[in-house]
Amino acid sequence: MGKKGGTLKRSSKSTKTRKDIVEDQYDDEIDAFHKQRDIVPLDVNDDTDESDEDDVQPVFDLQGVDDESEEDEDTEDEEEAENGLTAKMIRQKKYLRAKFGDGDDEMADDDKDKEEDKRSTWGGRSGLYHSGDNVDFDILSSDDEDIKAEEEEVIRLRAEQLGSITAADAGLDDDSEEDSDRELTMEEISDKGKQATKSITDKKEKGDKDTHVEEIKKDINSLSKEEQMDVVYSSAPEIVGLLSELNDAVEELESKINPVMNKLKEGEISLNGLARYLEVKQLLLLTYCQSITFYLLLKSEGQPIRDHPVLARLVEIKSLLDKIKELDEELPPGFEESLARSIANGAVQKVVKEDQLTSPVSDSVDRITQDTAKPMKIDNAREEKKKKGEKRKHQNDLVDVQSEEMLKLRAALEGKLRTNGVLGSTVSKSDKAQKRQKLANRKLETFDDYVDDADNSTHNVTADKLTKLVSTKRKPKTISGDDDLPQRDDIGERRRKFELRVLAGAGVKSSEGDGRNKNGAFASDDEDDNDGDNNDMVDNDGESEDEFYKQVKQKQQAKRAAKAEIYSRKPHLMPSSPEHVDGKRHISNQMVSNRGLTRQRNRDLKNPRKKYRKNYEKKVTRRKGQVRDIRKQTGPYAGEARGINPNTSRSIRM
């Protein structure tokens, strides 16, 4: 049997020739495009290969470019789908959309969100904008409308992005936080209420257009007092209590404490133990009023008071005032009434004193009103005596017995000192007032102040007293000149008198006198000048200079003799010990028994200090042989004092 001849199976793959491969290498992109266009595909339904449209990526997702083509495709699809079940489903979907409309809105919202996401993410790849194929500038110049549309789209997207940025994203929410922390004033609260009502009405109008809402506007000034108080209670309930306490404190200060303190300062009222208490209470009330006013000021300005130290200050002062109120209860029951009476009496006495000071003084008025004023004066004197007695009783109760004894001793000592002339002069004030300093030139004195010189008559005593109170003493007016100078002796004469007084004080008696006056004190220059010829100390008739020098020499000798007596040293010789009949006193038995027991030692060694000194000197001499002394150069080189030893080397070995 012969073999059946078989046929060779050829592969369906088209084998490329060498010529085709070479041509493909030299083909350009344009040549490849034209070759691809000329090829007719055999499998029409084969869409496995990717089309060029899939490679296209939109740069700007512009609306209205391909909308018409898409709508046409949608309508064609719907017409095809109407046949059969799909048509029924589409109709059912349309019916539901028309009836409810919720799903359509939700889908529309989802589509809008997707579109916004697409718009916000345009131009994600920068490579799409470079190395484009559109090299023809004529084509670019023809698309001016597209470029304008792109610019508008960019501007719109940027505006949307900027609009979405809030103040919190930029870090500018500090001001809003500070405004929220700050407490609002009454006007801001009312404005805020108006804005809130407006926003509520706007929301209601947007939500339901059919319903009509009326706006309510509130003005605090137009409200009644009760409504205003309700607003105050709601915003700051503590203000009302603080205002009432402020009014009470101010009233207490003005009506009770300040008048009493003024009287105490003037000295019209004497409160021994209660003055300090009233001062403390006045200070506390003043600080409390100050703190309340500061709190109200902060509240009116709208500043935050939540953590302010004025609150702690108010609480502290309030606690102190409560403690003082407890002390008020411990005061005697009639204390306030007595204070009021004392204030009234002080005011009346002050008015009477002012009337007395301002009343005109004249002899005729005093004589006329003297008889009528006697009973009033007697009554006033009795009242003053009663008051003095009460004050003395009160003082005696407070002062202890020991303090009274000390005061008595002090008064006795002062009296003794006055009598001796140590503390003050014994001359009374009335005598001093009567003595006036007389001028040397009484002729030049002007007597235009004759009213001040009161007469010593007994019938005009009241006028004299009032003139002392009201009028002030005026110095007599004089005319300046050489006549005002006092007449004095020559300087030589005054010097001689002074030396005579010094000699008399030293104890040297002169022939002219003692140099003392009648009272025993040394006379002054003014007394010598005033006495003149009546001076007994000086004899102006027969006095020579030789006698004066003799007196001075005697004075010096007397002074030297007195100094010699004081400072001289007399040799006082101590008497030797008395010797007995048998000679000097004998030593004791112990001394005799101990004699000869101590051995004889070297003088340099038995004293430790001397011993150590000798040892030190030996060490110093031995040290000189080891280390040579440093000798300073005193002059030019004079050779070696001890000779040159060639064996010694003073150099330093390296």
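Using the three backbone atoms N, Cα and C, a Cβ is placed for every residue, glycine included.
Per Swiss-Prot, the features are as follows:
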type	residues	note
COILED	140-160	coiled coil
COILED	243-263	coiled coil
COMPBIAS	1-16	compositional bias 'Basic residues'
COMPBIAS	44-56	compositional bias 'Acidic residues'
COMPBIAS	64-82	compositional bias 'Acidic residues'
COMPBIAS	103-114	compositional bias 'Acidic residues'
COMPBIAS	171-181	compositional bias 'Acidic residues'
COMPBIAS	182-212	compositional bias 'Basic and acidic residues'
COMPBIAS	364-387	compositional bias 'Basic and acidic residues'
COMPBIAS	524-546	compositional bias 'Acidic residues'
COMPBIAS	552-561	compositional bias 'Basic residues'
COMPBIAS	588-599	compositional bias 'Polar residues'
COMPBIAS	645-654	compositional bias 'Polar residues'
REGION	1-23	region 'Disordered'
REGION	35-145	region 'Disordered'
REGION	164-212	region 'Disordered'
REGION	362-397	region 'Disordered'
REGION	470-492	region 'Disordered'
REGION	509-654	region 'Disordered'
MOTIF	2-9	motif 'Nuclear localization signal 1'
MOTIF	608-615	motif 'Nuclear localization signal 2'
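Per-class residue totals from DSSP over the compositional bias 'Polar residues' (645-654), listed helix then strand then coil: 0 helix, 0 strand, 10 coil. Across the compositional bias 'Polar residues' (588-599), DSSP helix (H, G, I), strand (E, B) and coil residues number 6 helix, 0 strand, 6 coil. On the 0 to 100 pLDDT scale, the model's mean across the coiled coil (140-160) is 80.
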